[in-house]
């Protein structure tokens with residue numbers, strides 16, 4: 001605990017030099033002397049002068065530069081509930097040694113708050129928070145504390161505003177009072193990612209109502225802190241946008257409380273999303289385009305805020321481990337350099353979780369051994385921020401292996417403790433296992449029971465499924481339907497429209513057609529015959545590999561080698577569209593390994609009917625002025641594929657660039673969508689048997705080419721659209737049909753297309769077909785970049801997928 005020395009004579013001597021301050025001494029003081037602007041004790045040791053300095057928020061953030069999050073600790077129900085050890089001062093010292101200058105200490109208060117009207121915080125919990133804060137400050141670092149996972153009661157809607165605000169103010173009154181005499185090395189953050197949980201716009205900037213209420217929450221908290229006395233009238237305070245997002249819609253509506261100069265904007269930016277957060281996204285980062293894109297995003301924040309005198313802290317960023325260390329290192333250095341050079345401090349999200357290849361592996365520090373899992377990333381952050389570490393990092397030498405389960409009869413999936421029931425105890429135990437809080441389960445069959453999706457791995461995917469089961473959003477686990485991979489029933493799952501009439505191998509053409517299989521061994525190769533320049537993506541054990549092409553030839557391609565010997569999962573995905581030619585898979589080879597049983601088809605099925613947008617035309621391109629190149633068409637990262645993955649569904653994509661309902665792009669001759677739709681192989685005239693794939697959902701995204709260069713006749717367009725819906729309804733009588741518009745149209749073309757499609761939907765509803773819906777995608781405005789020829793970027797596809805996912809969930813309850 002700090003000792004505050006109140007010595008009138010010393011203050012009188014120094015007040016004219018240093019202004020108002022507190023003096024912190026590490027030991028009892030027996031005498032003083034002044035040396036220049038320094039206060040020394042009797043032994044000549046400098047006493048640290050700490051007070052609310054005359055420093056701007058911009059300059060303070062420049063001092064911070066680079067920070068670290070003590071994640072999944074005090075923001076858990078209890079400090080060690082999520083598998084991390086109890087925080088020690090040695091842990092914080094280790095962070096300081098590497099050059100980090102600040103620690104964000106997320107705190108969840110919910111389970112430590114008493115009833116209304118006082119909402120008294122448990123004294124022991126508040127004491128523990130203060131103890132950890134002191135660890136940070138004693139190391140000469142900045143600390144940030146907040147109200148973190150309290151979204152269950154901080155609800156930004158008008159209906160809940162008053163109740164939420166009353167509790168929030170009471171909580172902050174107590175926090176602010178406890179810390180009121182701390183100096184400006186302690187910062188407050190009003191809330192963490194405030195949002196309306198479960199709403200369609202939760203992660204899309206929120207609704208106007210959400211943003212308006214969040215502004216009122218921020219104002220109430222800032223006013224409460226300012227009125228609490230001590231140094232809090234000058235305390236630096238962070239305020240977030242809706243969900244702390246950097247989306248324009250959220251930034252535009254953010255109101256700075258009282259235009260207070262000591263208020264700092266709080267943003268979270270795991271950018272780019274598909275590299276940083278999406279386990280199924282790209283594992284590579286480092287191209288000139290990648291760097292320019294990230295720099296552009298930071299420029300936008302700088303120009304909006306910092307350039308105009310408003311400080312910004314990116315309180316959370318980071319990248320998950322996809323066995324791609326070199327890309328993560330390059331990204332970390334570039335991110336830190338570009339942010340810090342613009343006066344923006346950045347804080348790595350370290351949740352303590354380490355399981356390479358899993359979706360939550362953000363940990364840098366091994367908190368148990370006080371060594372570094374990824375010293376290369378830490379060093380890259382410091383190089384980027386221009387910080388010299390105090391010591392060289394000690395790496396953590398080994399990885400934690402994931403156990404391979406042995407099949408046992410009568411397994412109750414989810415019952416990890418073996419008590420014959422599936423409940424919250426099992427869920428907590430599974431989370432602790434994943435976070436390495438425990439090394440084994442009480443039940444001998446716990447390892448098998450924990451793998452509820454039967455992918456031979458125990459990770460956060462299993463935890464999400466467990467939570468869904470307990471919340472009754474699913475009634476059984478995928479493992480209950482899956483086959484155990486073995487050599488007795490080898491096979492391949494074909495997803496998409498395939499023709500099996502040629503004994504040499506199946507053929508396909510449409511975007512997103514893919515083969516999925518399990519194999520045992522260390523390597524895998526495939527032989528492909530392609531009629532044009534087709535590009536493919538292999539995903540092995542959930543990790544996307546670099547794409548490759550087979551261009552109008554037959555080629556054998558080594559997909560992967562050097563794997564640990566054992567069972568592996570492989571998806572081989574056709575990235576390019578049908579117009580680039582048909583593809584034939586002539587066989588797989590696994591070296592000394594073998595093909596295992598085919599994966600079980602997903603129960604949920606979605607069919608997408610569209611044009612170049614659904615094909616993902618040019619979504620990996622670097623410029624809207626760039627012409628189409630097959631390499632940059634990645635249907636795996638299309639809104640269609642992303643939506644399907646979001647919903648644990650398969651996707652059949654029937655899409656063709658430039659195609660329309662009544663006219664093709666620019667009036668080009670050739671078949672329209674109704675001419676293409678019935679075929680498995682559109683060039684060979686092989687028709688599709690619609691009974692082979694009966695989706696619960698059909699998504700139609702057509703009209704862009706009917707309204708781009710000229711405008712379709714209303715009667716013809718409406719009639720053609722209704723004919724397509726009739727064909728879909730004839731093939732799939734019970735399907736939910738989502739009729740979409742966007743995101744490439746604008747002006748009159750957009751207005752007409754929207755009007756006509758809405759009319760079609762309304763006519764269907766009036767005629768008794770209530771399973772036809774209208775969806776408008778966010779229209780692109782350049783804020784998320786462009787692909788080739790003005791087509792949507794991957795970031796735009798993600799926004800489209802978020803919108804469509806929310807709509808489907810809302811209508812079907814998925």
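Cβ coordinates are placed from backbone N, Cα and C, and glycine is handled just like the others.
As annotated by Swiss-Prot, active site, proton donor applies to 193. As annotated by Swiss-Prot, active site, nucleophile applies to 316, 612. If you look up Swiss-Prot, you'll see 415, 417, 419, 420, 421, 426 marked as Ca(2+) 1 binding site, on the strength of sequence analysis. Feature annotation from Swiss-Prot assigns Ca(2+) 2 binding site to 451, 452, 457, 462. Look at Swiss-Prot and you will find 451, 453, 455, 457, 462 tagged as Ca(2+) 3 binding site, backed by sequence analysis. Annotated domain 'Dockerin' per Swiss-Prot: 409-479, in sequence order. The region 'Cellulase' feature in Swiss-Prot is assigned to 35-354; the stated evidence is a curator's inference. The region 'Esterase' annotation in Swiss-Prot covers 490-814. Annotated site 'Increases nucleophilicity of active site Ser' per Swiss-Prot: 791, in sequence order.
The Cα atom of residue 426 (Ca(2+) 1 binding site) lies nearest to that of 462, taking the recorded positions 316, 453, 462, 791 as the candidates. Confidence across the domain 'Dockerin' (409-479), taken as the mean pLDDT and rounded to a whole number, stands at 79. Using the Cβ center of 415, 417, 419, 420, 421, 426 for Ca(2+) 1, the list of other same-chain residues with Cβ within 8 Å runs, in sequence order, 412, 414, 416, 418, 422, 423, 425, 443.
Least crowded of the recorded positions (421, 791), judged by neighbouring Cβ atoms within 10 Å of its own Cβ: 421. Between the CA atoms of residue 415 (Ca(2+) 1 binding site) and residue 193 (active site, proton donor) there is a gap of 33 Å, rounded to the nearest whole number. Classification of residue 451 (Ca(2+) 2 binding site) by DSSP places it in coil, neither helical nor stranded. Put simply, residue 451 (Ca(2+) 2 binding site) is 30 Å from residue 316 (active site, nucleophile) when counted between their Cα atoms. Of all the binding-site residues listed here (415, 451), the one with the fewest other CB atoms within 10 A of its own CB is 415. Comparing Cα positions, residue 453 (Ca(2+) 3 binding site) lies closest to 417 out of the recorded positions 193, 417, 419, 612, 791. Put plainly, the recorded positions 417, 453, 612 were compared by Cβ crowding within 10 Å, and the winner is 612. DSSP gives residue 417 (Ca(2+) 1 binding site) a coil state; it is part of no helix or strand. All protein chains included, residue 452 (Ca(2+) 2 binding site) registers 27 other Cβ atoms within 10 Å of its own Cβ.
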